[in-house]
Amino acid sequence: MKSLKSRLWKQDAPGPTSPSSPTAVASTQSAEWNKYDDRLMKAAERGDVEKVSSILAKKGVHPGKLDVEGRSAFHVVASKGNLECLNAILTHGIDVATRDSAGRNALHLAAKYGHALCLQKLLQYNCPTEHVDLQGRTALHDAVMADCPSSIQLLCDHGASVNAKDIDGRTPLVLATQMCRPTICQLLIDRGADVNSRDKQNRTALMLGCEYGCRDAVEVLVKNGADLTLLDALGHDSSYYARIGDNLDILNLLKTASENTNKGRELWRKGPPLQQRNLSHTQDEGSVKSTQREQREPHSFQDLEIENEDLREKLRKIQQEQRILLDKVNGLQLQLNEEVMVADDLESEREKPKSLLAAKEKQHEESLRTIEALKNRFKYFESDHPGPGSYPSNRKEDMLHKQGQMYTTEPQCASPGIPPHMHSRSMLRPLELSLPSQTSYSENEILKKELETLRTYYDSAKQDRLKFQNELAHKVAECKALALECERVKEDSDEQIKQLEDALKDVQKRMYESEGKVKQMQTHFLALKEHLTNEAATGSHRIIEELREQLKDLKGKYEGASAEVGKLRSQIKQSEMLVGEFKRDEGRLVEENKRLQKECGTCEVELERRGRRVVELEGQLKELGAKLALSVPTEKFESMKSSLSNDINEKVKRLAEVGRDYESAQGEIRQLKRDLESVRAQHIRPEEHEQLRSRLEQKSGELGKKVSELTLKNQTLQKDVEKLHADNKLLNQQVHSLTVEMKTRYVPLRVSEEMKRSHDVNVEDLNKKLSEATQRYAEKKQEAERLLAENDKLTKNVSRLEAVFVAPEKHEKELMGLKSNIAELKKQLSELNKKCGEGQEKIRALMSENSSLKKTLSSQYVPAKTHEEVKASLNSTVEKTNRALLEAKKRFDDTSQEVSKLRDENEVLRRNLENVQNQMKADYVSLEEHSRRMSTVSQSLKEAQEANAAILADHRQGQEEIVSLHAEIKAQKKELDTIQECIKLKYAPLARLEECERKFKATEKGLKEQLSEQTHKCRQRDEEVKKGKQENERLRADLAALQKELQDRNALAEEAREAERALSGKADELSKQLKDLSQKYSDVKSEREKLVEEKAKQASEILAAQNLLQKQPVPLEQVEALKKSLNGTIEQLKEELRSKQRCLEREQQTVSQLQQLLENQKNSSVTLAEHLKLKEALEKEVGIMKASLREKEEESQKKTKEVSKLQTEVQTTKQALKNLETREVVDMSKYKATKNDLETQISNLNDKLASLNRKYDQACEEKVSAKDEKELLHLSIEQEIRDQKERCDKSLTTIMELQQRIQESAKQIEAKDNKITELLNDVERLKQALNGLSQLTYSSGSPTKRQSQLVDTLQQRVRDLQQQLADADRQHQEVIAIYRTHLLSAAQGHMDEDVQAALLQIIQMRQGLVC
């Protein structure tokens, strides 16, 4: 496979042909990647089967072709698990073993992502299972990592090697244990995985499981025979890794496993020597006992084991939660790293405008130079206008020559030998910044500053959050206060309205009454008038005066009534005014109420829901009340449980002590029996043996009765204990169910209130933060507007400087860079918009969660009545349990009294044993005497050895004396020789010589005699030494014989003991048989007596019948009837006898079975000391487990706090990133504004060009009026100017159309930019053409031919430039696509190994290019 580096090198490096040739690029692209390949890849990613099959039907399409990222459509389909697409590709035909850039084939990818069906399909097409990726892993490794047992089974069935190792030497079993997957470990072991396989550091799977705290996986490995004693390269074993992991469960498991292995080895080494000597019936009894021991386990151990298992499960859950939290923390850290990478990319892209500004400054300097040249030209035109004919032409020619020189120097400065695509590095490497040499120190300072700014943003965000929370709480409080005020105002207004309505009713009643009175007065007045008229006719003066007085009174009353009516009307008006004001107030209040109702409508809906929920919960609580009537609160229940468990443990201890005492008593009894029987068998008279046997039988019978009573009591106590355990289990289950229901359905009121407070505080803080953020946003907006205005000014100035005269190549380069920047910024804008949308969705989700939390907090509470009822029921159960405990204590006291009685009897038996021991002392030799005799023998041996040593010392001294004598003899011989020589020399006489010889002979004889005596003595000593050695050997043989005799006696004693045991067992059996036989004999005697009595009765009846027969004649029928009845009775009696015998046999069998059960119970019972030790060890382990649980809970709480802190930091960083993105959006808006300004400047420049053309026309007209000879030239110039005007107008129209299109659609921005650049190039070319035409007009007389030649050359240049631009664009876009794909994958977190390798290649290439 071709690497990414080689492809990039091919794209960047110039070929043998020209790099600007598009044919070469097209050929390489068609060979490497095709549009059909791209379509196939997209269809494979979408899972469109029809599209995939249609594309595959075309020629030249290969589904295994790799893209820039190093993957093919075949790999994509396998990784996504699309079975239909995979079938289509496989049926089309492909090499199944094709690999991607990471060395993985399709089988690897299907196993990695857990697609078992795709894996099965690939295996059907014979995809190899032994292929390895760049990390040395097979498909089985990936399946284990994906936790897919079905794919593992498929791979193992198709011959995948279970013990294959990767680069680090890890097998699939090692990876499974490292990732804590016990089921997969068991599956791999069942498939033949090596449990003790090692990696490159000599670490086994067990060591890694202990290090990572995978208790279940370690248990699986230990069960399947993992070696605990293996060491790694550093000399550490599995227990060391378990200590590093701080997992007590694993340490305990390893300890128990090592102890079991050690015990097994010891048993294997020692072997059972005594069991070989035992009889066959003893072996059978031992096997039966072992089976019964295995079947029966005490309840206390079961309870403790259950509790331990519960604690271990809790530990496992806590460990799993810790792992999940660690995974979350790692994920958050990865997100942080990705966001930091994105921020770095944004910073690098921000630095691009700086480089562009630097380039623009350079262009500004060049434009200043061109402006100066233009000024000189304008001066020349102004000075040349009024002069004569010959002189100005010469001056013009000089100026044109100067301008030609100036224009020729400018391209020479731009390195003519270098091709244009090599001038700007930013064209080929858009992500590299062409800034001047910036040091790493400045970059570090920038990063530090940005870090400080991020920290300030983080602090400000924290403060904003707190403020918003406070504001939220404040607003909630205000809403509540407003709601209360609204209700209060409603009530007041209702009361006032009622009062006003009552007052109106009273006023109306008064009005009606006053109107009635007025009507009465009117009628009365009319009546008076009539009466007065009548009396006036009569003319009585006195009556008239009285009537006048009455009239006055009536007028006064009428005026008072009218005044009252006016007052009432004024009161009514006032009340109406008040009612209007109240109505206005009511309207305002209604509006406020509506506003508050809109704000609190959701609250009311929530309250209704909560009310429904409360009703439902009340019903559930009522139902639970009945269930909880018998339950107990957790604290009291735990105290009760602890007290009950303590009492039960004490009782169990006492029972165990009683059992141990009972077992010890039985053991002592057995030993006494064995000793007594052995003594009797060897050295006791038969009479004494029978007496002792009778006594022992009596005692054994009494002890058997007591044992039976004790066993019955023990059974009753065990039943009581079992009942207590059952009650305890029921209570535990009830408490567990209640705790689960309380945890799942109810939340404490304190927690809900605290959550409400915290939410209120959060809302207030958020509101405050919102207000502050809005203020800051307004301030920043103002600053941004100010900066935009300044930027507009600067851009206008720059555009004015740039727009006068700019080189075409530089302008094209700038435009290409701007296009690339625009495209990148658009993509960034889309990404930022997506991120903003995601952030808004997250905010909505948080708001919904907040509302749901509020609902749940408000709806959950705990009533007090149920709690009191539960308390009462629990108190009653506690009293019941106390009573049961008192009864159990009484029973225990009875058992203790019986144990004391047994101890007294044991003391009596001990006394008998002492008597037997005294008899043994009298009959046998004691060990002390034997040791004394042995000591005397050893002393005699020591004395003999000492004497032997003395004899050897004397022998050595004699040998030394003999040696000294030999030396003296030799010296004397030498002297004799010398004397003889002297005699010979001096001629001594013969007599003397003879005498000397005699003397010498005498001395020789004496010496020889001495020698013989000494040799004789030596021989005697040697003989004595030999005799001592023989005596020593004989004594040693005697000692060995004595030791053998002692060993034989010990063996005989052991055999005698075993025989005594067997005899005692037989004696017990015989005694039982005797008892049974005696009982049977007594039963048979009683039955015989009954039968005798019945026989006598029958004989008397027969005699009576015979007498009757003799006295009276009886018919034969009666006699036969009597015979039949008698025969029937006889048969019935026989059947009854047989049934009784069967019952006897059954009872005997049951008795024998019960006796065997008793013996088995005695043998299988455990000592109390061992039980206490086990219990203490378990309690210690439970305490350690609880302590570790507390520590781990504290650690988990700390970790949760850390995770919450990390989440807050992540949120703050996200907010900071969002702020940065908003800033970048502002920068984009600035960029667009600058672009619009540039376009406006271009239009202004075109206007200026038009004005310049007009001025030029005027000058030409003046020249025509002055010079008639040059009319033809001026006409041609005018025609050319008109053509140029038309072209400028066309260009202006096209620019306007382009602007309209830009405003209409943002999709065609790139095409419009290209057109603008082409138009700008046309304008510049027209300028150059104008200059050339001016030179031609003044220099030659045939302008049309030269104009056509210039036009052709310009068109060729334009074509060349367009081709170069197209080639540069293609290369630029290809490189951008490569960079973007890898950077986007890195930013999105897809940092696979292939992406990392690609990024490393890019960095290396960058460094090479920079160098």
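Here the Cβ of each residue, glycine as well, is placed from N, Cα and C on the backbone.
If you look up Swiss-Prot, you'll see 1-30 (among others) marked as region 'Disordered'.
Look at Swiss-Prot and you will find Met1 tagged as N-acetylmethionine.
As annotated by Swiss-Prot, compositional bias 'Low complexity' applies to 13-30.
If you look up Swiss-Prot, you'll see 69-98 marked as repeat 'ANK 1'. Long-range contacts of the repeat 'ANK 1' (69-98) within the same chain, counting only residues at least 6 positions beyond its ends with a Cβ under 8 Å from a Cβ of the stretch, are 1, 4, 37, 40-41, 43-45, 47-49, 52-53, 56, 62-63, 104-107, 109-110, 112-115, 117-118, 121-122, 125-128, 131, 1381-1382, 1385, 1394-1395, 1398.
Look at Swiss-Prot and you will find 102-131 tagged as repeat 'ANK 2'. Long-range neighbours of the repeat 'ANK 2' (102-131) within the same chain, counting only residues 6 or more positions beyond its ends whose Cβ lies under 8 Å from a Cβ of the stretch, are 70, 74-75, 77-83, 86-87, 90, 96, 137-140, 142-143, 145-148, 150-151, 154-155, 158-161, 164, 1392-1394.
Feature annotation from Swiss-Prot assigns repeat 'ANK 3' to 135-164. With a threshold of 8 Å between CB atoms, the same-chain residues lying at least 6 positions outside the repeat 'ANK 3' (135-164) that come near it are 103-105, 107-116, 119-120, 123, 129, 170-173, 175-176, 179, 181, 183-184, 187-188, 191-194, 197, 1393.
Listed by sequence, the residues of this chain that lie at least six past the ends of the repeat 'ANK 4' (168-197) yet keep a Cβ under 8 A from its Cβ atoms are 136, 140-141, 143-145, 147, 149, 152-153, 156, 162, 204-206, 208-209, 212-214, 216-221, 224-227, 230, 323. Sequence annotations record features per position, and here Swiss-Prot assigns repeat 'ANK 4' to 168-197.
In the predicted model, residues of the repeat 'ANK 5' (201-230) average a pLDDT of 90. Sequence annotations record features per position, and here Swiss-Prot assigns repeat 'ANK 5' to 201-230.
Under the heading repeat 'ANK 6', Swiss-Prot lists 234-263.
As annotated by Swiss-Prot, region 'Disordered' applies to 263-301 (among others).
The phosphoserine annotation in Swiss-Prot covers Ser280.
Marked as compositional bias 'Basic and acidic residues' by Swiss-Prot: 282-301.
Look at Swiss-Prot and you will find 299-379 (among others) tagged as coiled coil, backed by sequence analysis.
The annotation coiled coil is assigned in Swiss-Prot to 442-624 (among others) on the grounds of sequence analysis.
What Swiss-Prot records for 652-1380 (among others) is coiled coil, and it gives sequence analysis as the kind of evidence.
Sequence annotations record features per position, and here Swiss-Prot assigns region 'Disordered' to 1006-1031 (among others).
As a summary of secondary structure, the repeat 'ANK 6' (234-263) carries 24 helix, 0 strand, 6 coil according to DSSP. Residue counts for the repeat 'ANK 3' (135-164) by DSSP state, with H, G and I taken as helix and E and B as strand, are 17 helix, 0 strand, 13 coil.
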